[in-house]
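Trainee: I grabbed these lines from TrEMBL:
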DOMAIN    23-288  domain 'NADH:quinone oxidoreductase/Mrp antiporter transmembrane'
DOMAIN    290-343  domain 'NADH dehydrogenase subunit 2 C-terminal'
TRANSMEM  96-115  transmembrane segment
TRANSMEM  124-146  transmembrane segment
TRANSMEM  152-171  transmembrane segment
TRANSMEM  178-197  transmembrane segment
TRANSMEM  203-222  transmembrane segment
TRANSMEM  243-265  transmembrane segment
TRANSMEM  277-304  transmembrane segment
TRANSMEM  325-345  transmembrane segment
Amino acid sequence: MNPQAKLIFALSLTLGTTLTISSNHWIMAWTGLEINTLAILPLISKSHHPRAIEAATKYFLVQAAASALVLFSSMTNAWHTGQWDITQLSHPTSCLILTVALAMKLGLVPFHFWFPEVLQGSSLIVGLLLSTLMKFPPITLLYLTSPSLKPSVLMTMAILSTALGGWMGLNQTQTRKILAFSSISHLGWMAIIIAYSPKLALLNFYLYTLMTAAVFLSLNSIKALKLSTLMTTWTKAPSLNAVLLLTLLSLAGLPPLTGFLPKWLIIQELTKQEVALAATIIALLSLLGLFFYLRLAYCATITLPPHTTNHMKQWYNNKPTNTMVAVLTTMSLMLLPISPIILAVV
């Protein structure tokens, strides 16, 4: 793909995201979502591999259906209330349809089936965009409409997402699929808290984006698409592999790393809102996620592959680590001590 085309698609993604997050009118928000969808499709399918074309087709069909539901929900609300303002969503049917539409956009259970398949058919960099930037507009719409949405529906989806994200990630051997199920699991944490404390959900999303970007870029540096490849990359970039271990544990939410902060605050807030049972269930379900993060970390740094199998050891890479990877990794590990400042800003 030539640089001019890449620039156009990057600008379109920026425009679509900005349009959705800054609009008050449903039609403008919908337009932003459509621009985003159309801009990411060529990036998914640029390799012309059958799996990439399949991923692009699945992504287009799901996103088109979800956008149609967003439009249908807003039109139903406008028909009954005369309001096109995003924050004035009050009709119960519209609220339910919008919840379904945004769950499809984000990949929340039970509308999650497309996400691992699409991520598997994309490159690591496009996978990073799908897991972070493309989730930002729907999360913003969820944030703006959260007072109108039913907490019980969101809580059910959240617990199912955390359970299924953890459960399905256990048996995977492809790093992109593991990160897809990790994303579904994290979205569960955002969905459970958004009705009670929308700002906490956004904080969780920002920190999740930070940690996921660090993991995706690290895997892209060492070109690890499968666990078997990850086992042999310790010879290529030992220091990056060692830090990848800590970044994965941060994504799992272990203290004293950055990933512990949103989980701790969400459990605290749920307990204050007297839904301690839900907090207990989601905390226990996150242990499933911890297992597959530990498996990834184990493969990346602790295992030596058995010498009986034929495999190529990779050459030691003497090039300096990408600055972006270094900055994101440092932030993924060390933001917990400054959490009072983060909370004050949020």
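Backbone N, Cα and C atoms are what each Cβ position is placed from, and that goes for glycine too.
Bear in mind that TrEMBL entries carry predicted annotations, made automatically and left uncurated.
Keep in mind that this is a model prediction, so the values were computed, not measured.
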Trainee: Return the stretch with the most CB pairs under 8 A relative to the transmembrane segment (325-345), choosing among 124-146, 203-222, 277-304.
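Mentor: The listed stretch sharing the most Cβ pairs with the transmembrane segment (325-345) is 203-222.
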Trainee: Where else in the chain does the transmembrane segment (277-304) make close Cβ contacts, counting only residues six or more beyond its ends and a cut-off under 8 Å?
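Mentor: For the transmembrane segment (277-304), the nonlocal Cβ contacts are 155, 158-159, 162-163, 165-167, 169-170, 172, 175, 178, 181-182, 185, 188-189, 192, 224, 227, 230-231, 233-234, 241-242, 244-245, 248-249, 251-254, 263, 266-267, 270-271.
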Trainee: Find the member of 96-115, 152-171, 243-265 that has more C-beta pairs under 8 Å to the transmembrane segment (124-146) than any other listed stretch.
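Mentor: If we count Cβ pairs closer than 8 Å to the transmembrane segment (124-146), 96-115 scores highest.
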Trainee: Could you pull out which residues elsewhere in the chain have a CB under 8 Å from any CB of the transmembrane segment (96-115), counting only those six or more residues past its ends?
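Mentor: Residues packing against the transmembrane segment (96-115) from afar: 33, 58-59, 62-63, 65-67, 69-70, 72-74, 76, 89, 130, 135, 137-139, 141-142, 145, 149-150, 153-154, 157-158, 160-161, 163-165, 180, 183-184, 187-188, 191.
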Trainee: Counting only residues 6+ away from its ends, which parts of the chain sit with a Cβ under 8 Å from the transmembrane segment (152-171)?
Mentor: 96, 99, 103, 108-110, 112, 116, 177-178, 181-192, 194-195, 275, 278, 281-282, 285-289, 291-292
Trainee: Let me know the model's mean pLDDT on the domain 'NADH dehydrogenase subunit 2 C-terminal' (290-343).
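Mentor: On average, pLDDT over the domain 'NADH dehydrogenase subunit 2 C-terminal' (290-343) sits at 76.
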